Amino acid sequence: MSAYHPLTEAEAIEYARKLPDLFAPGSELSSREIGDGNLNLVFHISEPSSGKSIILKQALPYAKVVGESWPLTLDRARIESEALLIQESLCPKLVPHVHVYEPELALTVMQDLSDHVIMRKGLIEGQRYPLFAGHIATFLARTLFFTSDLGLNQQEKKERVKRFINPELCKITEDLIFDDPYTDSPNNNVPPAIRDAVEAVWQDNELHVEVAILRDKFLTKAQSLLHGDLHTGSIFIKADSTKVIDPEFAYYGPMGFDIGAVIANLLLNFAAQEGLSLDSASRRDYRDYLTGTIRDIWTKFEAEFRALWNEHGVDRMFRTPGFADYYLQEVLRDTVGFAGSKMVRRIHGLAQVADINQLQDEAARERAQRIALAIGTALIKSNRSVTSIDQLIETADKAVL
Ligand code: SR1
Ligand code: MG
């Protein structure tokens, strides 16, 4: 019989006490459940006498955001811990260190990042992170390159594809991003004030064709080991450090899905400036900071990815002049399309974002939602023709003219 059961705060302490080389024997430990995500329990365990602390993350057998009626595999804890170990080997400073993975309890013991803040919260508070673009570009370039057929032994890559088959978590994405937002699904949470704009999305056949193309890519394009849910709630940050967390949606998919996720969430904050900024000058200024960050992310990603390809490319045919240009243009196009899809799902889908939903002023919230929908749908429609990151930024700026 399985030993799995969701831990209480007291049991989390008992578990932590038994871990070797972490806490002094018999010392007082305190435990707080701090999980505010959609799926898991997260215990913060600390030893006041030494100031040491760790995180215990435990998968629940259902989606916390919905309840026990939505069962979910505990195998996602294995996927998450294995993905973190691969990411750590490629970018040691950019993910939390995993101390232990305990399959019986679907539990991962990892580095406490309480000295960082969740990036979504920092952006809502108007913080700026000048080093972020470089950090996340490195994370994206290294994880996407070295897990793909460009940078990994191609037989080993096939083994990795097998290990990271993640059907239940992918199904969440397939439903919540590439289906529900385009129909009157019971999973949606449609804000009444923008029902007209949402109904227009439901009826837009040209848009649906592009979403079907992106859905097909998500289902079939096993390009790289993705994080799979790289929004600003999956990033811990402080001035000089960025840590990517929570890769439980990891699977082999299209590179642009991860890059697009980061960009989409910066653009959701861009839309939310309708209510977050106090005046039009500071709104414009913060929006320029966000779009400047997006431009830097793509530019730095592309430069680093090309450098890795030149130095570590494993495939002779892929060194044919012109192929890298073609490949990166496709990654950019996927990035733009997936960024748009990830914006639309956060406006009237099941899981939305605090940047917009916490706006107290109803008129500002409605404007932000309409702006985000306008940007998201325009990006989706432009995904197959875009040729530069500046076009994505022009689309965003045009929506707030
Ligand atoms: C039922 S899970 C809802 C959302 O939360 C996660 O962070 C993913 O984005 C997922 O789509
Ligand atoms: Mg998560």
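Each Cβ is built from the backbone N, Cα and C atoms, and glycine gets one as well.
Other C-beta atoms found within 10 angstroms of the C-beta of Glu248 (ATP binding site) number 28, with every protein chain shown included. Taken residue by residue with DSSP, Glu248 (ATP binding site) is part of a helix. Feature annotation from TrEMBL assigns ATP binding site to Asn40, Lys57, Asp246, Pro247, Glu248.
Here TrEMBL flags Asp229, Arg345 as substrate binding site. In the three-state DSSP assignment, the secondary structure recorded for Asp229 (substrate binding site) is coil. The 10 Å shell around the Cβ of Asp229 (substrate binding site) contains 23 further Cβ atoms across the protein chains shown.
For the domain 'Aminoglycoside phosphotransferase' (32-277), the model gives a mean pLDDT of 97. Under the heading domain 'Aminoglycoside phosphotransferase', TrEMBL lists 32-277.
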Cβ-based neighbourhood (8 Å from the centroid) of the ATP site, residues Asn40, Lys57, Asp246, Pro247, Glu248 excluded
Gly37, Leu39, Ala59, Arg76, Ala77, Glu80, Thr108, Ile245
Starting from the Cβ of Lys57 (ATP binding site), draw a 10 Å sphere and report how many other Cβ atoms land inside it.
25
Of Lys57, Asp229, Pro247, Arg345, which binding-site residues come close to ligand 2, meaning Cβ under 6 Å from one of its atoms?
Asp229
Contacting binding-site residues, sequence order - Asn40, Lys57, Asp246, Glu248, Arg345 vs ligand 1, Cβ under 6 Å
none
Please give the ATP site's span as the largest CA-CA distance among Asn40, Lys57, Asp246, Pro247, Glu248, to the nearest whole angstrom.
12
Around Arg345 (substrate binding site), which residues of its chain at least 6 apart sit with Cβ under 8 Å of its Cβ?
Leu176, Ile177, Asp180, Pro181, Ala351
